[in-house]
Amino acid sequence: MSTETLSPGSSASSSSTSNASRPTPQRRARRPREFTNFDVWVLVGSIISALCLNWLIFYRLTAGASLFGFLLCSYFTFLAIFGVVTADRMGRLVATDRVMTVVVVSAAAIVFVPLVLLIGYILLEGLKALRPNFFISDQEGITPVLPSTSGGASHAIVGSIEQVGLALLWSLPLALAAAVFLNESRSKWRRPVRIFVDAMSGLPSIVAGLFIFATLILPFAKSGNPLFGYNGFMASLALAITMLPTITRTVDVVLRLVPDGLREASLALGASRARTVFSVVFPTARTGMTTAVVLGIARAVGETAPLLFTAFGYDLMNSNPFAGSQESLPLFVYRNIRKPDIAAIERGFAGALVLLLLVVALFALARFIGRDRSKRRGAPKGGGAAVRTNPDDPFNSPTSPSTSADADATATGQSVQEPMTS
Amino acid sequence: MTAIAERANPMSQNSTLVTERPAIGRATIIGGPPPGAATLEARGACAWFGDRLVLEGVDLVMPAGQVTALIGPSGCGKSTFLRLLNRMHELIPGAALDGEIFLDGTDIYATGTRAQQVRMRIGMVFQKPNPFPAMSIRENVLAGLKLARLKCDEKDDLVEQSLLRAGLWKEVRDRLDSAGGALSGGQQQRLCIARSLAVQPNVLLMDEPCSALDPTSTRRVEETIDELRGEVTVVIVTHNMQQANRVSDTCAFFLAAENQPGVVVEQGPTRKMFENPDDPRTLDYVEGRFG
Amino acid sequence: MPGSTRTKRVVTEVPSVVDKRFNAITMGAGISVLVLLLLVGAFLFIQSSNAISETGVLRFLTRTEWRTDVQPPAIGVMGLLTGTVLVAFVAVLFAVPLSVFCALAITEYSTARRRKWLIGVVDLLAAVPSLLFGLWGFLFLSDKMIPISTWLTQNLGFIPIFSTEQNASLTGSIFIAGVVVALMVLPIITSVTREVFSQTPPGEKEAALALGGTRWGMIRAVVLPYGRGGIIGGSMLGLGRALGETIAVALLLPQVPQQIGESIHILQNGGATVSGFIANRAGADAFTTSGLMAAGLVLFIITLATNMIASVVVSKSRSGAGVDL
């Protein structure tokens, strides 16, 4: 798809040089513009007049108000002014269209705002207390009088790694098998299972924690067996329940993108169904499956609610996940920011920053794995033909809006060759 | 019906064909396109998809009130050219163009000209019938008015006239409020023609309108095109040589060599193009020897 | 045609031993997911029986207070449910228009490159843990929202839901919690509506444009009607997520259940949600825990029902076939 964005002018010259037999004049594309310079001035003028009007009302005529309120009112005033002016110049039809364009574009822009504010805020607050010892020491001997830079969250990091690792161990085989079941079998149970997997992905995560608590911790409370008390193992089970539907569904989607022709080719070669899945389907969908797992991990790392009833939280290092309550990174954050002293809150922010960086890193990793490989493998130069082969058919793939699954689809399509040729 | 007959269209009386049938009137649309057919002229039209030049240097006049057929093998840029004529081309990501298209002397690609204005004056019928499935037949016909926010006081008349012109009135007059998607393929296509005509455009572009239709429906569409002669300028892309011969006044032959952009090889009156064209390739094509 | 004499020959595939095992394993995995969900419900039910038998099902469902200090204990889930539903509705109210516009921006107003970027941002928003949203909302956004709450209650206070009591604190309100939850459900609503919008038949879109429609006219005539099922289903899915949202709400709201006869003030400090209340009572005594299980069961049933209805709405709509929720 990237090839489409190449400038037509340069391409035209290349195509004209390539066929020397029939010289064509150097051609440059014409860009029709609906927006005249005057329209741009109308837009700018509307923004300025809206800001001025609101500034007058907010800061001159009435005693000041919040910046947020000022911007909000200015935005709506701007829409009104812009709409009225455009309607006067070009009629209501055009005015509605342009105002709605502004609304839609600004709605998309607004999504950036909380994300930027959130990341910026946590970065700013978290850096106050984040020191190297944060990764080395635990909360041993920490009293409210000590500064926030003392102590650390190594116990929480160890706990998080153990819990998420164990959770992955439980949920991954089950999720893969369930996804294979949804795709490769012809059982009549597929439909109910798919419905239940969907329903389960909407399950509040606290209920998962509550469930483990109700089945494995509460009934054995009197037994005194540390395996059935608050511990990391229980937390991993609760996390596994929250990860299971997420991974199943994403893997299910990825497996669905594997062309049926490949399966048939494998079966026609005499392979069993099991062999087909392991040798053809899985390798073909490998990148998509990895992406699904990484995203599943990213989600599980940040889960707090299921841990409240399972790992419970602990201030000291406990590297044994099978006995005794254990800390995890989100629990560390949650417990600390609820404490009354400022040092603890700052420590919580440091933990939040580490958590945020971890999640963003995992997210970036997932994107990196699932990226569109067709670019790197060198689409043919001057590959306009690859973009569109038939000019009489304007609506083949490039126009159909790409979804995130597209990247997987192309990645799948690319790696399709591998199992067949090797 | 009498009310409609009284508002006979002055344009239609110029046409020799129209006098043989009861004249179809014209409901007045406020804010719609100016009445009558308009001349379309392309000068040096070029089109790209991404970095591929698919159409180069097309000069073509499509005279007002006449039917112009664009013929040529697939992939030679006919449809692209057609879509250049009402600015549908630019909707495709990565599409670019050069040259000018004049509608009665004004360039439709001039800066500040809105595509929406252009498309209101230059209607289009697509290869695949695409009525709005959620709307009734009546709503489908009036969809253009709603979309362009045009006003019409005689909506019922307008629906009747448009459907009459498209040759669909008799078949659907009793079920105007049923869904448009429930019609047969041929009826759907004629509904789409009626929908385009309801805005009373100056030009009607047709992109292989009969390729998905059975022979009977094709005949009805061809009759409709014939009836529109004089009132609306029609530009039609077709793969069917007989059809081009039957319906068109002028003809343009497009051809693209291997890995070369499409060009107009020859253009002229249909009769000449089919009987003694200047270019031997044209003769080969119209006689079915290639393509 | 002598069809009566013909009999169908049924071909039965006899799987190999490996395939048999393979089929059994995958089937087992599939069924176990199903069983797991049923087990969740069953165990919550068993563990909640203690509290429910003491208070009675009807009383538990209708009572608003939650008091374990009196004898017999008076616990009920109604006060929590009101808060839950209010927060979820505020969230969906903010999130739906923003999501629909955002989905439109992605499918109808973007070039391929910008589309990728926007999808990335929305996905990243989905990846941010609920805890961080709660933290940010609790310590940052809350203060920034107070002027808006103040303005609303001063100027629109005559409308009952915007009214506040004299000198009431405006932090920790259902309104603020709802706004934060809105950010969290925005990605899911956006992705469902985006999927549905992107499947609008291009022919219909072209037809609308060719008739002289503007882009917005085309969207209103073609895209929105086509995507209606997806918008409704996506909103319900968002509602389901909002109902179950836990940690952020646990941080933002004081988690005190609504009392009997108390009128609802969404702009002032107060309110509790089922999930947040449960989270705040982790490690409580046996009877409270049993009550929490009962509350959890109610939440489980409500979210499950909402999600199921949402799935059905999306898949039954003209546009939704083939959309993955």
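Yeah, the Cβs are placed from backbone N, Cα and C, and that goes for glycine too.
What TrEMBL lists as transmembrane segment is C:21-46, C:75-105, C:117-139, C:174-192, C:292-314. What TrEMBL records for C:81-310 is domain 'ABC transmembrane type-1'.
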Are there 3 or more C-beta pairs under 8 Å linking the transmembrane segment (C:117-139) with the transmembrane segment (C:292-314), counting only pairs at least 6 apart in sequence?
no
By Cβ distance under 8 Å, which residues at least 6 away from the ends of the transmembrane segment (C:117-139) in the same chain are close to it?
102, 105-106, 110, 176-177, 179-180, 183-184, 186-188, 190-191, 194, 245-252
Using Cβ atoms and a strict cutoff of less than 8 Å, what residues sit near the transmembrane segment (C:21-46) while being 6 or more residues removed from its termini?
15, 293-294, 296-297, 300-301
Any residues 6+ beyond the ends of the transmembrane segment (C:75-105) with a Cβ under 8 Å from its own?
51, 55, 59-68, 118, 122, 174-175, 177-179, 181-186, 189-190, 193-194, 197, 219, 223, 231, 234-235, 238-239, 242-243, 245, 249, 253, 257-259, 264, 266, 271-275, 277, 288, 291, 294-295, 298-299, 302
Within the same chain, where does the transmembrane segment (C:174-192) have neighbours whose Cβ lies under 8 angstroms from its own Cβ atoms, ignoring anything closer than 6 residues to its ends? I mean 6 or more beyond.
83, 86-96, 98-100, 102-103, 106, 122-123, 125-126, 130, 133-134, 136-137, 141-142, 145, 149, 152, 230, 233-235, 237-239, 241-242, 245, 248-249, 252-253, 266-267, 270-271, 273, 314, 323, 325
